[in-house]
Structure formats: C-alpha cells, structure tokens
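S.K.: Pulled these features from TrEMBL for this protein:
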{"type": "BINDING", "residues": "81, 82", "note": "Ca(2+) binding site"}
{"type": "BINDING", "residues": "368, 373, 548, 671", "note": "Fe cation binding site"}
{"type": "DOMAIN", "residues": "2-120", "note": "domain 'PLAT'"}
{"type": "DOMAIN", "residues": "120-671", "note": "domain 'Lipoxygenase'"}
{"type": "SITE", "residues": "105", "note": "site 'Essential for stabilizing binding to COTL1'"}
C-alpha cells in the first residue's frame with residue numbers, strides 16, 4: 001500500500017472558511033487515487049489555518065504527481081458556501097513534497113483541477129494529463145476573461161458590466177470592498193452635511209476654502225496650503241509632485257513660444273542671458289499641447305475653461321527650479337500675452353493657476369489613468385487569457401494584477417462614465433476627456449514607459465533635487481535585477497524564448513489590444529531574446545507598482561488644497577495684463593460644490609486599504625523551486641535597504657518624497 005499525507009491550507013482573508021465537506025483525488029503519471037473525503041474533526045477548514053494531516057491510501061505508488069482534483073459538497077440542510085484555499089501540500093510515500101497552489105474561490109460543487117506547482121512552459125510538458133489540464137484551464141480562462149472596447153481609440157479592457165461579473169478570485173476582498181465603500185461614503189457625506197458638496201456659490205475669500213480643506217489634511221497638503229503661491233514650490237512640483245512626466249530640458253525655444261532674452265533677463269541671476277542658459281541646460285519646458293483646442297466642460301450649467309499652456313522653468317544657481325515665462329495658449333497672438341514674474345501679483349498668480357489646472361487634466365487622464373491604470377489592465381487581461389497558473393511568467397506577474405480589473409471597472413462606472421465625478425466636475429470632462437485620452441494613446445511609446453530611457457529622452461539626468469528620478473531609477477534597477485534572475489532561471493537561451501508560444505501570445509495580445517497594433521509605439525509584437533523579456537517584464541512590474549504610486553499617492557497631498565491644483569476654472573484665460581485682482585482669481589476658481597467633489601474624490605483615490613500588499617511581498621506562494629524563492633528573499637532585502645535610505649534622506653527634507661518608498665508602494669494598481 002502507498003500512503004500519501006495531505007495538508008490543506010485555507011488563505012488568511014475574510015470569509016475564506018468553509019463548513020462544507022471537502023474531497024480530493026490525487027492524479028499521478030501511473031494512476032490516480034480514489035476520491036477521498038477529507039474529514040475534519042474541527043468542523044471546517046478555517047481562515048488562515050492548515051488542516052490536520054489526512055491520509056490518502058492507494059494500492060501502489062501513483063508515480064510523479066501531476067494534479068489534484070478538489071471539490072466540496074454542502075452538508076444536508078446547510079448552504080453551499082465560499083472557500084478560498086491557498087494550497088494543498090502532499091508528501092508522497094517516497095518522501096517527496098509536492099505543492100499545489102490554488103488561491104481561488106471555490107463556490108460550487110464542481111470538480112476543480114490544480115496542477116503541481118513547479119513552473120513549466122508548454123514546451124516542458126510531456127505528460128498527456130498535464131497537457132489536458134493546461135488546455136482545459138486555458139479554455140476556461142479565455143471564456144472568463146474577454147476583451148472589450150470602452151471607447152474607440154482606447155486600450156482594450158476586461159468585458160464586465162459590474163464587479164459581480166468578474167471572476168471571484170479577482171474581485172476585491174471583503175476587507176477591501178468594505179473600506180473602499182466606507183471611505184467613499186464618509187468623504188462626501190461629511191462635506192454634504194456641512195453644505196459644501198451641493199453649493200454652486202463662488203468663493204468669497206481664501207479663508208472659506210480653508211474651512212472645506214480642514215476636513216482632511218496631510219503634512220504635504222498643509223505645506224501646499226502655505227506655499228502654493230511661491231515660484232519655487234510651483235517648479236518643485238514638476239520634479240516631485242503628482243505629474244513628474246511632462247518636464248523636459250529645453251535647448252531651443254519652440255517656434256510658438258516667442259520668449260525674448262529681454263523678457264526674462266530680470267529672472268535670470270547675475271549677468272546671464274537666455275541663450276546662455278539654454279546652451280548650459282538650465283532651461284526646461286512644460287508643453288500642454290495635448291489640451292489644445294478642446295471643448296471645456298459645462299458644470300452646473302456654467303461654461304468652464306481650460307488652457308493649453310507653454311511654460312519655461314529656470315534652474316537657478318542655488319539649484320531651485322522656478323517659472324520665468326508662461327503663455328496660456330499654444331498660438332502666439334496679441335490677446336495671448338507671455339506672463340512674467342515681473343508682472344503684477346495677480347497677473348502672474350492667475351497664469352500659474354491656469355497652468356496648475358491644465359496639469360490636473362493632463363495628469364489625471366494621460367499620466368495616471370492611461371499610463372498606469374489602463375495599461376495595467378491590459379497587462380492583466382493578457383496574462384489571464386494566455387498564461388496558465390504553472391507558467392513562470394504567470395507566477396511572477398499575477399501578484400501585480402491584484403484588484404486592478406475591479407478598480408478600473410469602478411473607475412469607468414463612477415469617474416469617467418456620463419454621470420461620473422470626473423465627467424461632471426472636471427474642466428476636461430465630457431468630450432474633452434475622450435479626446436485627451438485618444439491623443440494620449442496616439443502618442444504613447446514603449447521607451448516612455450521604461451524609466452531609464454524616459455529620463456534620458458527628457459534630459460533630466462542631472463537636475464538637482466529630482467527625487468522621482470533618483471528613487472525611480474533605483475527602484476527600476478532593483479526590479480530589473482530580480483526579474484533578470486527569475487527569467488534567467490527559466491529561460492536558458494534565446495531560442496527558448498522564441499519557442500514559448502504562450503509568451504508570444506501574451507505579448508501579441510498586449511500589442512494588439514493595449515497599443516492598438518500601432519508599430520510606431522515601439523511595443524514589441526514578439527519577443528526573441530532573454531534580455532527583451534527581462535526589459536518588458538520589468539516595465540510591467542514597475543508600471544503597476546512604483547510608477548502608479550508616484551502618480552497616484554500624492555493626489556491629495558498636492559490637490560487637496562484646491563488653489564494649488566484646481567479641478568476646473570470658471571473664467572477664461574486672461575488676454576491682457578494689468579486687469580487681474582484677487583476678486584478675479586476667486587471668480588476663476590471652481591465653485592464650492594465642484595471643489596468639494598474634487599477634494600473628496602482625490603482623498604478616496606489616495607487612501608490605501610489596510611489589506612494592501614507592499615512591493616515585493618508575496619502572500620500567495622506561487623513559486624515552489626528554491627532558486628526563485630531565494631531571489632524573492634533577495635528582492636525583499638534590497639527593497640528594505642532602499643526604503644531605509646529613502647527614509648534617511650527624507651528626514652532632512654522640508655517636503656519628503658515618499659511615493660517610491662518600497663514600504664509604501666503597492667504591488668499592483670489597486671486604488
């Protein structure tokens with residue numbers, strides 16, 4: 001007789017326990033066991049625990065174990081419940097230990113097949129049972145995970161009408177769902193009770209804004225409230241704020257931005273000239289051409305306004321970055337003056353306010369929504385459609401897809417839908433929003449998603465005090481080394497990459513559905529070498545973790561104090577100088593209700609759930625082999641050391657930069 005020892009682990013998440021009867025069948029290369037009832041003296045398989053050890057007895061050895069069949073049946077008069085087992089561990093009569101990762105909700109009475117957890121590519125499979133299981137799994141996956149098109153010209157998305165349409169294993173946990181709804185409800189309810197969220201009144205003075213702002217505050221939002229008028233803080237945000245993706249070094253002025261040396265000479269320190277500073281690499285450009293010519297929103301039956309500014313920033317001798325010229329429209333004209341720091345206080349301040357409002361639109365739609373959320377969804381759907389659970393890339397990437405499909409579904413339903421908050425209350429909501437996204441998709445490139453290449457292309461290698469760059473490059477390097485080790489363990493040659501059909505299907509799906517089969521994006525249609533796989537996978541993990549954190553986590557920090565980042569503006573850009581006053585500024589700001597809606601939404605989108613998983617932590621143990629498990633440990637150590645370095649640096653900064661601190665970066669786009 002051959003005796004197998006079976007231990008069942010139930011995952012440590014809310015409601016994972018089952019009180020149903022659980023049955024198992026072991027399937028090996030030489031045969032299979034009888035379907036065995038795993039009795040439990042404790043009366044169930046409880047959340048976060050391992051079962052007692054069960055015996056499965058067979059007449060003879062089953063040979064190499066290939067898979068298990070698992071099902072559960074309700075007790076008489078008891079309902080079918082939901083169970084979330086994490087893994088099954090089997091010790092064979094020969095003394096070998098086999099692990100079968102599950103990490104799925106089992107909610108029915110059907111028999112479910114799970115493969116032994118050693119990572120295998122299709123070309124590694126020789127056993128007909130293993131191939132059959134693989135084919136069955138992928139057939140089910142392609143039926144569950146279907147591509148959809150939200151709007152023409154947008155990246156593909158997951159086909160689902162509401163969260164309950166999503167497969168249960170990718171839905172929010174009970175904890176996540178409860179906290180998300182609570183945060184959403186309490187944020188706007190508090191403002192409603194105070195009479196702010198439905199008010200259509202304009203602001204009478206800055207102190208009134210402070211009363212709304214005091215509902216939720218952070219260290220950096222307080223700093224923004226105190227320093228929002230200052231040129232140095234304005235410039236700092238383009239290096240380390242929510243949108244560090246627009247600034248680039250300027251060696252030659254754009255033809256449509258006719259700034260002269262005499263205009264900016266008072267802003268340049270010493271006897272320098274604009275030409276000299278351009279040649280020295282001390283001039284930087286912000287160009288919001290993506291917003292040019294768009295139709296602005298109508299909020300509360302009132303027309304709103306957007307600018308498409310051009311901004312010159314100057315690196316001072318003491319390494320500050322300050323604005324020295326602002327043109328609010330793309331085409332030079334008499335009614336489109338170039339505003340300067342030497343203009344009157346409110347001429348200059350109002351020009352900066354229009355820039356900051358433009359940055360809100362560009363950041364939210366291009367930098368945040370498209371370049372992290374929508375791309376992360378593409379990567380996730382392509383993975384789930386093309387990679388079986390035993391594939392090494394599935395094991396490596398599945399933690400970086402957690403909650404992404406549901407958070408994006410909610411975004412489409414409650415933020416950018418016809419009645420969504422962004423559609424109703426942002427200057428670019430409605431027609432403008434769709435056009436900005438289409439323009440952004442059309443200009444998307446692979447190199448701009450790879451941080452080292454993007455920093456070089458924008459000429460930012462040596463700009464002082466650029467913590468987004470410093471931390472991001474370090475984080476990219478740590479991720480790259482980890483990915484290089486894992487990929488190198490499974491792919492020993494370039495030919496193995498080319499022969500991996502599941503890998504090739506995955507990248508082709510991403511090219512076709514994510515980048516709309518546009519070769520100009522530079523996204524590969526196939527992968528030919530190991531370094532190509534390493535680079536692309538590094539980009540995927542970085543986009544879903546560090547990059548998303550960098551452009552998401554600071555939304556309330558820099559946007560909670562509305563004057564620093566207005567969601568919309570109620571007056572057109574000024575066409576002449578010398579006319580702006582404090583009253584002009586207050587009339588230009590969004591009304592009270594729009595401000596409250598924007599603040600509560602940014603608070604919600606910046607607030608992590610208590611069950612968030614930090615970068616490099618893998619509660620679900622998908623890898624069985626010792627080498628990749630050791631690589632994960634090394635990855636975690638490297639991230640911890642880097643986190644300590646970031647914290648030490650931040651302790652000496654007036655405005656700490658925390659968004660790339662691995663201890664605060666989530667594994668996936670989950671908020």
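Each residue, glycine too, has its Cβ placed from N, Cα and C.
Unlike curated entries, TrEMBL annotations are predicted automatically.
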S.K.: Helix, strand, coil: count each for the residues of the domain 'PLAT' (2-120), based on DSSP.
M.R.: 0 helix, 56 strand, 63 coil
S.K.: Fewest other CB within 10 angstroms, which one of the recorded positions 81, 105, 671?
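M.R.: Each of the recorded positions 81, 105, 671 was scored; lowest Cβ tally within 10 Å is 81.
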S.K.: With an 8 Å cut-off on Cβ distance to the 368, 373, 548, 671 Cβ center, who else from the chain surrounds the Fe cation site?
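M.R.: Everything else in range on the chain: 369, 372, 376, 407, 551, 552, 605, 669.
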S.K.: Sequence gap of 6 or more, Cβ distance under 8 Å: name the residues on the same chain that satisfy this around residue 373 (Fe cation binding site), in order along the sequence.
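M.R.: Non-local contacts for residue 373 (Fe cation binding site): 404, 407, 408, 411, 548, 669.
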S.K.: Name, in the order they occur in the sequence, the residues of the same chain whose CB lies under 8 A from the CB of residue 82 (Ca(2+) binding site) and which sit 6 or more residues away.
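M.R.: The list for residue 82 (Ca(2+) binding site) reads 15, 18, 105, 106, 107, 168, given in order along the sequence.
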S.K.: Pick the one among the binding-site residues 368, 548 whose Cβ has the fewest other Cβ atoms within 10 Å in this structure.
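M.R.: Least crowded of the binding-site residues 368, 548, by Cβ count within 10 Å, is 368.
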S.K.: Between residue 671 (Fe cation binding site) and residue 81 (Ca(2+) binding site), find the distance joining the two CA atoms and give it rounded to the nearest Å.
M.R.: 28
S.K.: What is the interatomic distance between the Cα atoms of residue 81 (Ca(2+) binding site) and residue 368 (Fe cation binding site), given in whole Å?
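M.R.: Residue 81 (Ca(2+) binding site) to residue 368 (Fe cation binding site), Cα-Cα distance: 38 Å.
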S.K.: Restricting attention to the domain 'PLAT' (2-120), give the mean pLDDT.
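M.R.: That region's mean pLDDT is 93.
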